[in-house]
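Asks: A single structure is presented below for examination.
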Amino acid sequence: MGAVKVLDHPLIQHKLTHIRDHQTGTKTFRELVDEVATLMAFEITRDLPLEEITVQTPVAEAKTYQIAGKKLGIIPILRAGLGMVDGILNLIPAAKVGHIGLYRDPNTLEPVEYYSKMPTDISERELIVVDPMLATGGSASAALKMIKEKGANNIKLMCLIAAPEGVKRIQEDHPDVDIYLAALDEKLSDKGYIIPGLGDAGDRLFGTK
Ligand SMILES: O=P(O)(O)OC[C@H]1O[C@H](OP(=O)(O)OP(=O)(O)O)[C@H](O)[C@@H]1O
Ligand SMILES: O=c1cc[nH]c(=O)[nH]1
Ligand SMILES: [Mg+2]
């Protein structure tokens, strides 16, 4: 079963408080999601393997380190996942970005696919799938299935807020995928919204309703 890690860094928790607040407007919401994505990426990349190399400083040779191993890829689930991409690219500017277009049918809560475009070499990359919300888990589970069918085999899932139902769904459907969260909330409403959550992430990011 995949691990679930709630990233409890004080800066992440403080910014998440303002993200949740219904009085936070689109501009600030977008800026804070971007900042939290950077902070979460910093924590998630903590275990990347390093290799020792030598560089010449102006003074002497230095034995130092660079990131070794697989290259990285970021895969946002459209639309709301887009809000987390730039924040991760701030730290990992060479990462490639694949896109998966999914929306959740408001009546059935089932994911509906409308777009997919992946880097050709996803089987050789460490992938971070991003979406602010993990509610029923239907969208993330479908996205993970889609990228596995295209060869992905090393995947982390990064969300701002999850419901226990969504975590359970991913652990059952994708036991190889670790989940990284800023918060694990209480439950889902009967309309499938996370309680207390932050409302509709896509609408708050893009100013739609
Ligand atoms: O875990 P689930 O029950 O599948 O719900 C979570 C999904 O719902 C939201 O997307 P939405 O369908 O609102 O699309 P949007 O990003 O275009 O607003 C959210 O960004 C997730 O993708
Ligand atoms: O609470 C929720 C659940 C699904 N999608 C959202 O944007 N918010
Ligand atoms: Mg939405």
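Using N, Cα and C of the backbone, Cβ positions are placed for all residues, glycine too.
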Asks: The 5-phospho-alpha-D-ribose 1-diphosphate site in TrEMBL includes R104, D131, P132, M133, L134, A135, T136, G137, G138, S139, D200. Which of R46, R79 is also listed there?
Replies: R79
Asks: How many whole Å apart are the CA atoms of G137 (5-phospho-alpha-D-ribose 1-diphosphate binding site) and I194 (uracil binding site)?
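Replies: I194 (uracil binding site) has its Cα 11 Å from the Cα of G137 (5-phospho-alpha-D-ribose 1-diphosphate binding site).
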Asks: Among the binding-site residues listed here (R79, D131, M133, A135, S139), which has the Cα closest to the Cα of I194 (uracil binding site)?
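Replies: Going through R79, D131, M133, A135, S139 one by one, the closest to I194 (uracil binding site) is A135.
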Asks: Given a 10 Å Cβ-Cβ cut-off, pick out the one of the binding-site residues D131, D200 that has the most other Cβ atoms nearby.
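Replies: Within the set of binding-site residues, the most crowded position is D131.
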Asks: Using a 10 Å cut-off, grab the number of neighbouring Cβ atoms around the Cβ of I194 (uracil binding site), all chains included.
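Replies: By my count, 27.
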Asks: C-alpha of G199 (uracil binding site) to C-alpha of M133 (5-phospho-alpha-D-ribose 1-diphosphate binding site): distance in Å?
Replies: 9
